[in-house]
Structures are given as structure tokens and as C-alpha cells.
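Have a look at the structure below before the remarks.
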Amino acid sequence: MRRSDRLRCAGASLLVVLCGVFRSSFGGRTLPALSDDIPFRLKWPGPDFTLPTAGIPYKEDNYIIMTTADKEKYKCLLPLMANGNEEQDGEYKGPSPGALLEPLFKLSSCSYRIESYWTYEVCHGKYIRQYHEEKETGQKLSIQEYYLGKMMKKSTTEAGENQEEKESAESPKEIYTKNIEGQMTPYYPVEMINGTPCSLKQNQPRSSTVMYICHPESKHEILSVAEVTTCEYEVVILTPLLCNHPKYRFRTSPINDIFCQSMPGSPLRPQSLVKLEHQKEEIKSPLKPNKEEEQQLLREKFSTIHKPVTVGSQQQVTVGTTHISRLTDEQLIKEFLSGSYCFHGGVGWWKYEFCYGKYVHQYHEDKDTGKTTVVVGTWKADEHQEWAKKNLARAYMTTPDGVQTVKTVSHFYGGGDVCEVSEQPRQVIVKLKCKESESPHAVTVYMLEPQTCQYILGVESPVICKILDTADENGLLSIPN
């Protein structure tokens, strides 16, 4: 087939058929253009078939004749394709995206993203700040900060709003898109310039592009912060305000069904396809496990799925995402705070174990030599309280509606095994952070080593959201009322 005749399918069935095609001939007058951005799915209804009257439209003369490597012939009826953008194609006469975001800019609202070391502050329509707070001796607070960009004053005035409306009315502005989790998503860019000078770029000011994307249930959260080139950043913000503009709404592409009817002398489905699907079923259907294997499968539900990530500019050590079983939140919180439920993470040679209020271990398991364990840090309440007098154990943030909440707590675990390099005991700061997620029982664990044998362990989970506000002045947590 020619390149323009290729179809993208939802699944492997169509690919198998097309790979076995020798030739195709077209029925009707004109074959519609096919796009790789639109998904298709093959169906095999047989010779007696009535086209659907609802949904995606079809025409009797809109078909191609497909011939497989086994000389089987099929008449494949093609849809008049839908791409999910029908509403977007209509004329829109509402406010421009800039005007829709104007209330957010005028509110003097700020959003925050807390990572293991850095905190990112986006004050919409004003500036982006990256900072780290640390208490020094004598309770003096030390702040390391960089401005990643500032908004020019004219950009958020009524003049700027009128300019956006003028562009919308006279010549609609190009809609930019970004690949977010595998989906091309429309966004509205806001440029921030004149940030803190960058020593790596001859003291040129830092700059950022803030990408606002539609999310109906969001509260202007920061989805991600990335340094795309040296001292140039991209910040993705979720906001419900853009959802009022049809061209910025997220849409999933509908699957377009292609109905292939067998022609005289051909089976209902291609023989090669039937054979392949049979092989796939054999692979997917293992022997029924015995009782011991079933128990092992249950234990594996508590296992950790590991994957590497990059966190800020710090040296990456490990990361793990644990999917906790469906225990009740109350039971899970009690087990977590008692230290009886521990989190595991890590990739490569070393793995990590964190038990709240007990210890942080680094270990390696070998079938021949057994388990090797290094104590990274051990909990001692008095040592943590002394540490908390000089460091920030409980950090706050103000939500867009003006409510002050705890954003993160930090705990000190010292007295670990002696480090061969520094000849000092290992120690680790454990940072617990609320993380909103569609999966209420998902936990992300990552470890950094900003200095030799001095670690930062990050633990983020929706479960932690329920207990952060119980933190006392030392950052210690308790079971909520």
C-alpha cells in the first residue's frame, strides 16, 4: 500500500492484516484522507451486515478491497472519520484565552510545587520563584532563591486583555500543543522574562514559558517544572478557566470502526489473524496457580514498581512507586505512623526501606551471600528535636482561597552506619509531602544524595494529605481526629 493509505489501529489486529496485504483497490469516487492522529479499529461482521445509523457516518461507496497474502479478499467499509474536534471547528465568539485567565492574574494568586530540595512558587501574571529555606544557628532563616522569570506589567493590564480579544476577533491565534502523558494537549503560553541572571549563560536573565492547560477539576496546580535548556524553563499549570474555550478543552479521539466483510470464497476472518490471536491467548492464559502461588500473588500486591525520574537538578539515587492494597485509610494511617507498614523503593543494586519513626535502611539481596544492609539513619526523638530547633521541620503554604495549610514536614534520622568517605555516621532527612492522585493509595518514594552520605528521602502520597495538618512545631504527626 502507499504511505497515505496506511491506517493506525487500536490494537494489533489491523497491523497484522495490513502487513499481509499485497494490494488494495478503491471503491466509490474518492477515498478520504487518512491521518495517523486518528485511531481505527477493525471489525469483522460477516457478509450480512447493516451499517450503523447512529454515531460516525458511513457511505456504501466508501470502501477498499483488501487482499491478504493468502489470497483472501475483504470489502472494508471506511468511516467518514471523526477526530473529536467537531465542536472546536465551529465559530467561537467568546472571550480570548488571555481574557479567560485575567481573573487569575488579578487575584494575586500563587501556586506551589514542593520537591525534595526546591520549592517552586508561581504567582500568576507576576513571577516564578525557585527557593529553598533552611534554618541556621540561632533560628535565623536562610533562603536560597532564583527568579525564573517575571511578567512585564503591560501583559496583565486591560490593554493586554483588549489585545487578546482583538487577535481573537480578527485572526484567531495559533493553538499550541504539548505532549502530556502521550496525548497532544492544547495550551496557552505566557512568557516570563528578566529572571535572576544565569552565570552559565554570561549572566543572561532566566526566562520561562508558563503553559496553561484546561483541567475542569483543578485549582491552578503546577503540573510540572522543567529546565528545557540552560536557565530556560517550562512550567505547566492546570486551570479550569481555559475550559470555557472550546479549542483548549482536552478531547480523546473517538475510535473509528472499519467494517471488513468477507467476499465469496474467503473466511469470516483472515486465517493468519485467527492463528495469531490463538497464539496470544495461549500466552495470556497460564496454568491455574496452586494455593502457594496464589499466596505469592497476593504478597506481590504489596510490591513496588520502580522507575527512574529526575528531580530538580539534584543527583538522582532511586525512585519507587508503591501501590498499596485496599486497606481502609484509617487502618493504613495507623500502621504507617506506628512504623509497622514500611515503604520500599529503589532500582539497580541497592534498595531502600523506610519505616516511619524507626529507620531508613539501604540493602542488597543476593541469592548466594544473602542480604547486605546499611543503616542510613535511625530515629531518635531527642536528636530530631535538636535538629528541628535549627531547621524547618514544618513548612506552610497558603491555598488560593486563603487557607494556610502544612505543605511538608521534615524529620531527621541520624546515627547511621559510618561512611567510608567522610568517616562520619550516615544521616537522612525524610520529607513527607501531600500528593494528590487519581489513585488514593499510591505512594512515591525517592532518595537523593546532595552530599556524600547525607541523604534526602522523599515520600509523597494522598494518604499523607490526611495527616499533614496534625504536625506539631517539631513536624511530628499523629492520627487525625
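Cβ atoms are placed via backbone N, Cα and C, with glycine included.
Partner cysteine of CYS465, as given in Swiss-Prot, is CYS434 (from among CYS434, CYS453, disulfide bond). For CYS214, the disulfide partner recorded in Swiss-Prot among CYS198, CYS231, CYS243 is CYS243. Taking the C-alpha atom of CYS243 (disulfide bond) as reference, the shortest distance to any of the disulfide-bonded residues CYS110, CYS453, CYS465 belongs to CYS110.
Cα-Cα distances to CYS434 (disulfide bond) place none of the disulfide-bonded residues CYS198, CYS231, CYS342, CYS453 within 10 Å. For CYS110 (disulfide bond), the number of other Cβ atoms no farther than 10 Å from its own Cβ, over all displayed protein chains, is 18.
Helix, strand and coil counts from DSSP across the domain 'MRH 2' (340-467) read 14 helix, 69 strand, 45 coil. Taking the C-alpha positions, the distance from CYS123 (disulfide bond) to CYS214 (disulfide bond) comes to 18 Å. Of the candidate disulfide-bonded residues, CYS214, CYS342, CYS465, the one lying closest to CYS453 (disulfide bond) when CA atoms are compared is CYS342.
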